[in-house]
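> Dropping the structure in here first, questions after.
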Amino acid sequence: MKQIALLGATGSIGIQTLDVIRLHPEEFNLYAMAFGRNVDKALPLIREFQPRLVVVQDEETKDQLAKHIDQPILIGADGLIEVSVVDDVDVVVNAVMGSIGLPATLKAIQARKVIAIANKETLVTAGHLVMSEAKKYGVDLLPVDSEHSAIYQSLNGESKQDIHKLIITASGGSFRDKSREELVGVTVEDALNHPNWSMGAKITIDSASMMNKGLEVIEAHWLFDVPYDQIHVILHKESVIHSMVEFVDRSVMAQLGTPDMKVPIQYALTYPNRLDLPMTKQLELEEIATLHFDKMDTVRFPCLRMAYEAGRAGGSMTTVLNAANEEAVQLFLEGKISFLEIESKIERALEQHQRIHNPDLSTILSIDKETRERVRFHS
Ligand SMILES: NC(=O)C1=CN([C@@H]2O[C@H](COP(=O)(O)OP(=O)(O)OC[C@H]3O[C@@H](n4cnc5c(N)ncnc54)[C@H](OP(=O)(O)O)[C@@H]3O)[C@@H](O)[C@H]2O)C=CC1
Ligand SMILES: CC(=O)[C@@H](O)[C@H](O)COP(=O)(O)O
Ligand SMILES: [Mn+2]
């Protein structure tokens, strides 16, 4: 029985992780769960799964929750760390949104936990720290992000030196059929209308701006130790091929399936084995009949260009890219800026930053904070 600490239990990935745990009670037990402030969503889950420990974002949420449950309630980033290093926990599923997940990931690695990582912002913010700790402690990071799970599965039994390139597929997001001119005046509601996936708000906006693919390129660079020149992105509007690996002999391995995050979530939890997943729709290629592929246009999607540039520059540039994006997306969701201002704010934050080579954790955390403040209040 694997004991699981689930960070981000009330989110899109969190809820689907609980679906998987519920499906295999003989395999998995929810030992601890963390969420932000959504007590209404969390309470029935706590009652159903009876985790030993609960983490919330702040004191106020703790007071609200404490009236209803008997479990100890921990708070904030320290709480995320505490539940990630408990001796009895085997697997930490990091499904929080944002770089808030970074310190707990590092501590979980140091405690030699298996890490199922959905939280791509952590790898973009400080991939060099996460991967060097993972190497030092001999810990495998099991990707939950669908593209990275596809690449991980395609690399099963292969040698790293045989990789010619990684091919990451992009649906194109909510605005894939719009020109840049047509993006002026698009609404939050329009942007949240993803054609293929039902996900949390932030990642859905990232898909629409193509920053999600940019973050995924950087995530792939760190997870698979592949240079940026060997990571390609193509448009594939059906989201059936979740990503591919081309090898030196030109053979291409791909992983396919209906768009359902329970598949990569469960794979990360059962790796290297597989279990039945009966509620997921089977892929019926005869019904789909045709799959489409298009070249990616980085003039149409400047967020992808900025992500490649930040990734290639390295050091603290990707910390700034991520923090500026998180804050700008939040401002857009709050109705304070337009959709196109997301990318201009990120561009400005990158231009204003003086790159720091190989930043340590405290430098990363202060760059993250300063960038958010600059994007929110000064640009
Ligand atoms: N959704 C998807 O299909 C995919 C998501 N991902 C990645 O997975 C991660 C999660 O995405 P998603 O599930 O969509 O996001 P959601 O916004 O749906 O969920 C985020 C979760 O994090 C919690 N949370 C937010 N802030 C804090 C905090 N300070 N302390 C503790 N918990 C916090 C939220 O709690 P509360 O509900 O209380 O706010 C919620 O449980 C992201 O990094 C995303 O990029 C990757 C691939 C696919
Ligand atoms: C489900 C998943 O992994 C998301 O990251 C998804 O890839 C978003 O779709 P696009 O970014 O391709 O629109
Ligand atoms: Mn993805």
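Cβ coordinates are placed from backbone N, Cα and C, and glycine is handled just like the others.
Heads up, here are the entries from TrEMBL:
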- THR10, GLY11, SER12, ILE13, GLY36, ARG37, ASN38, ASN119, GLU121, GLY200: NADPH binding site (BINDING)
- LYS120, SER146, GLU147, SER171, HIS194, SER207, ASN212, LYS213, GLU216: 1-deoxy-D-xylulose 5-phosphate binding site (BINDING)
- ASP145, GLU147, GLU216: Mn(2+) binding site (BINDING)
- 4-127: domain '1-deoxy-D-xylulose 5-phosphate reductoisomerase N-terminal' (DOMAIN)
- 141-224: domain '1-deoxy-D-xylulose 5-phosphate reductoisomerase C-terminal' (DOMAIN)
- 256-373: domain 'DXP reductoisomerase C-terminal' (DOMAIN)
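Help me see these features in their spatial surroundings.
Under DSSP, SER12 (NADPH binding site) is assigned to a helix (H, G or I) in the three-state scheme.
For ASN212 (1-deoxy-D-xylulose 5-phosphate binding site), the same-chain residues that are 6 or more apart in sequence and have a Cβ closer than 8 Å to its Cβ are ALA170, GLY173, ILE203, ASP206.
In the three-state DSSP classification, GLU216 (1-deoxy-D-xylulose 5-phosphate binding site) falls within a helix.
DSSP assignment over the domain '1-deoxy-D-xylulose 5-phosphate reductoisomerase C-terminal' (141-224) gives 42 helix, 11 strand, 31 coil.
Taken together, the residues in the domain 'DXP reductoisomerase C-terminal' (256-373) have a mean pLDDT of 97 on the 0 to 100 scale.
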> Just how many other Cβ atoms lie inside 10 Å of the Cβ on LYS120 (1-deoxy-D-xylulose 5-phosphate binding site)?
29
> If you draw a 10 Å sphere on the Cβ of SER12 (NADPH binding site), how many other Cβ atoms land inside?
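Within a 10 Å radius of the Cβ of SER12 (NADPH binding site) lie 19 other Cβ atoms.
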> Considering only the binding-site residues THR10, SER12, GLY36, ASN38, LYS120, GLU121, which possess a Cβ situated under 6 angstroms from at least one atom of ligand 2?
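Cβ < 6 Å from ligand 2: none of the binding-site residues.
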> DSSP helix, strand and coil counts for the domain '1-deoxy-D-xylulose 5-phosphate reductoisomerase N-terminal' (4-127)?
61 helix, 26 strand, 37 coil
> Quick check for the class: what is the C-alpha distance, in angstrom and rounded, between LYS120 (1-deoxy-D-xylulose 5-phosphate binding site) and ASP145 (Mn(2+) binding site)?
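Counting only the Cα atoms, the answer is 8 Å.
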> Can you name the binding-site residues among THR10, GLY36, ASN38, GLU121 whose CA is within 10 A of the CA of GLU216 (1-deoxy-D-xylulose 5-phosphate binding site)?
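Within 10 Å Cα-Cα: GLU121.
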> Using DSSP, what's the helix, strand and coil tally for the domain 'DXP reductoisomerase C-terminal' (256-373)?
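The domain 'DXP reductoisomerase C-terminal' (256-373) comes out at 69 helix, 3 strand, 46 coil.
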